[in-house]
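Copied from TrEMBL, the annotated features are:
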type	residues	note
TRANSMEM	A:44-61	transmembrane segment
TRANSMEM	A:68-90	transmembrane segment
TRANSMEM	A:96-119	transmembrane segment
TRANSMEM	A:131-153	transmembrane segment
TRANSMEM	A:173-194	transmembrane segment
TRANSMEM	A:261-285	transmembrane segment
TRANSMEM	A:291-309	transmembrane segment
Amino acid sequence: MRTRLVVMLAVCALVVAVAPFVGPPMPPDARDFILWQLRIPRTLMALVVGGTLSLVGAVYQSLFSNPLAAPSTIGTTAGATLGALVAIVLGARTALWGLPLITGAAFAGALGVSLLVAAIAAGRNVRMNDLVLAGIAFSMAAGAISTGVQFSADSAELLTAMRWTMGHLPQVGYQNIVMLLPIAAVSVVGLLTLTRALEVFISGEEHAESQGVNVRAVRMASIGLGALGVAGCVAWCGPIAFVELIVPHIVRRVLGVSRRVLLPCSVVVGASFLVLCDAVARIILPGRETPVGLVTAALGTPLLIYLVARKSS
Amino acid sequence: MTSLLEVSGATVRKGERALLEDVSLRVAPGDFVAVVGPNGAGKTTLMRVALGLQRPDAGRVTVNGRDVGALSPRERAAFLAWLPQRVQVSEPITALEHVAAARYRFKESHRRSEESALVALARVQAEALASRPITELSGGEQQRVAVAALLAQEAPLVLLDEPANFLDPAQQLELYALVGQMWRSGLGVLCITHDINVLAHAMRAGSEGRIRVLGLSKGRVAFESHYDAPDLGEHLGRVFSVRMRGVEVENRRVFVGMSLERGE
């Protein structure tokens, strides 16, 4: 167990250290610029986004006692997409205090829909399944409005929107990372403080309540903090698929289900997983860059199927 | 500090139907209160009300005079612990982790929780199960671990909800022997069951009179008695709609149910 943990952490560190040097060869005169102004900030962004998304996935899976629960379950992704679409149609080039409108709108959309679900979670007699249903309902509503917005968009806007929904790590400077970092930090640190309560959740909500957990408070805090982190990530990068689903499952299979290991390790593994995917995205198609969302799906899906198949055999 | 659980006049309605009507009971440390009744009599509703998981439509539930709904979950967990019918864990955590999680109400380090959990497991002779995933244990072993969790919570009152419902006779005997131990160690026990005979495993000779029996039928208290009361059989028979007679087997009183039609 301890050895596995050490090996896993070592692999993660190695990936992060090597990743910035992976990619098309850098011309000598532009080397410093490419490395320090493009690749390092991209890697940092991937670290922040990957870690946050994975932790939120792990927390939601614990909270809903459902291995398929993800931020999209409670409508976060659909809300972000709606926000981004509206911004694209209104004119994506506008920016407010250096923050692109599309980012701000996606953030607001993601947070708005998730907070609606969190408000429902505050109810006294609400069961976890009700929340999943509420999330699906809000997702469908947001999706329907999005379709309406798309209908009024021209083809250039549609292309931008489609690109956005693929999930990508943008060429950002350090400034955007500095903007995202506090959001992600609040979300990650806040969620990690809930570890102990989520441990008690394993034997059922009512049982947890009888053992002293304030179930409603934990539920709202988890959903709210999770939504905040995911909204931040989605705002800058679009919906990067599968990370939040796959990484907790990998950690669970390798290191066990104990929440004290699962949650913090999801942050670390998720961070390096997205860095790895980003590096792969740079080299997989020579001459152009694949959106990282495609790579996460392509890498993650077979991995997940393998892990499930190995367990059941 | 005495910890007294008092349910007074609790009434729970679901639409027109009364699930619980004007039920009162009290449990203090050292008490053993058995609530018996057929399925659907309102036993589980009573337990949920007593635990503060459900608010009664009328009546009060208090712990030490304070309304149970006004206590924070942590405060309440310091008084009341609950043993459900079966442990339902969603993930294969180890028995040790399950018991350590029951220490949630204490603000203490994880190491400290695990030490206490090991002590609790030892008290139910389940140290050997500590590192096994709880999902791989037998029903009897799982309930043994659940009792350890109950002990680890260190509440003076324990509420048991048909804890032997899914167990075979040997496991039932083992579980109620543990319940008897908890009782003799000074805890107050509120035990819900439709099978009065399991209680025989919890007592030692001479302690029958100290077990209070509360019969529940259609949401109402049908009778209040003691395990050694001569007419307990008749009371039980009425609640369960059978004829019941108490017989002595190896110095233990057990009750046998017979159909109403064939009289003596």
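Any Cβ shown, glycine's included, is placed from N, Cα and C.
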The transmembrane segment (A:173-194) in contact with the transmembrane segment (A:68-90), cutoff 8 A, at least 3 CB pairs, sep 6+: no
When counting Cβ pairs under 8 Å to the transmembrane segment (A:44-61), the leader among A:68-90, A:261-285, A:291-309: A:261-285
Tertiary contacts of the transmembrane segment (A:68-90), as residues 6+ beyond its ends and Cβ separation under 8 Å: 53, 56-57, 60-61, 101-102, 104-114, 116-118, 131-132, 134-136, 138-140, 142-143, 145-146, 149-150, 152-153, 157, 160-161, 164-165, 223, 226-227, 230-231, 234-235, 238-239, 244-245
